[in-house]
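Contents: one structure, followed by commentary.
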Amino acid sequence: MAKQVAVIGSGVMGHGIAQEYALAGYTVFLYDLQESFLLKAKRSVENSLSLLVKEQVISEQAKQDALERIVLTTDLQAAVAKADVITEAIPEVIEMKWDLFEKLEQFAKEDAIIASNTSTFSIARLIEKAKTPQRIIITHFFNPAQLVPLVEIVRHEKTADAVVSRTMELMVEIGKSPVLLKKDVPGFIANRLQTALMREAFSLLKEGVADAREIDTVMKDGIGFRWAFVGPIETADFGGLDTWKRVIDNLAPELNASQKAPELIDELVEKGKLGTKTGSGIYSYADTSVEEKWKQRDEQFIRLAKMKRG
Ligand SMILES: NC(=O)c1ccc[n+]([C@@H]2O[C@H](COP(=O)([O-])OP(=O)(O)OC[C@H]3O[C@@H](n4cnc5c(N)ncnc54)[C@H](O)[C@@H]3O)[C@@H](O)[C@H]2O)c1
């Protein structure tokens, strides 16, 4: 079987998804609107692969082979013509996704799987205008896509069973940990859990219960330390369901239940302080360069992944 895939959009997510397929031996056609975006994406892949070599996860030869398997193109038709699987990672704008799907349905092989990396649209919304919904599926990777194992898979009742099983197999083949949802709900599973936690974290910050650094420490050294190995439902079992019944009954009424983003985030967005990508957000990144921060984060993720595998 031909081992060729296409990734459409080479930004934050697209380059990492391309890297995963390339490392697993697939020829990857990586498409974007401009050559300069593609060159930036390839540099990011090269840096990420170099880090994997430094951390002894892959060999220098595997790095070179993966880089050679990534073909950059600004020609959409050429990108998808021979692909068995096409993953779109273009901006989260529904009209853009519909417009792209229309082209993909026209240019792609009849049996090619079309996967979306959407983080918020339901599969029902994505396929609203599709002529071949049976081959459309969501594969929701996590940032950084090349390092976080989870991929949430969302199907529609119109998605062919064979497409679902092939996608699940493929994710395992490229080293991912796929979770297939039984229902199409907004935000899937991970972003719902994450949003519930972020809402409370920002509420504690606003109420002056602790500074950002302390709140992050509680997560990294407490809850998050456990959660890398024990999920929330297991945690309830380990802690005792009688205890957790009291915890939830007593605390649920105390929790923030806001229906919108925290004011602090609104204010910072208004000022253009978007976090690492603009050099400051909740924290300032004046002392350590943002690139260095990202590199440190990725090194830690690589080491955690090794430990989890090991
Ligand atoms: N950033 C995240 O943390 C994250 C996590 C999971 C899922 N997602 C989802 O992944 C998708 C991509 O997000 P991102 O953060 O990588 O965005 P991004 O802005 O970093 O990258 C999008 C890329 O798509 C290109 N593009 C724009 N219009 C295009 C078009 N019509 N055809 C082809 N390419 C086009 C852009 O030039 C850009 O390079 C979105 O659906 C997003 O919701 C993002």
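In case you wondered, yes, glycine gets a Cβ from its N, Cα and C as well.
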>> Per TrEMBL, which of LYS273, LYS277, LYS293, LYS295 sits in the NAD(+) site along with GLY9, SER10, GLY11, VAL12, MET13, GLY14, ASP32, GLU92, LYS97, SER119, ASN143?
In response: LYS277
> With every protein chain in view, how many other Cβ atoms are within 10 Å of the Cβ of ASP32 (NAD(+) binding site)?
Replying inline: 25
> In the domain '3-hydroxyacyl-CoA dehydrogenase C-terminal' (187-285), how many residues does DSSP assign to helix, to strand and to coil?
Replying inline: 66 helix, 3 strand, 30 coil
>> Rank the recorded positions LYS97, HIS140 by how many other Cβ atoms lie within 10 Å of each Cβ and give me the one with the fewest.
In response: LYS97
> Given the binding-site residues GLY9, GLY11, MET13, ASP32, which one's Cα is the least distant from that of HIS140 (site 'Important for catalytic activity')?
Replying inline: MET13
> Helix, strand or coil at LYS97 (NAD(+) binding site), per DSSP?
Replying inline: helix
>> Using a 10 Å radius around its CB, how many other CB atoms surround GLY11 (NAD(+) binding site)?
In response: 15
>> DSSP secondary structure for HIS140 (site 'Important for catalytic activity'), reduced to helix/strand/coil, please.
In response: strand
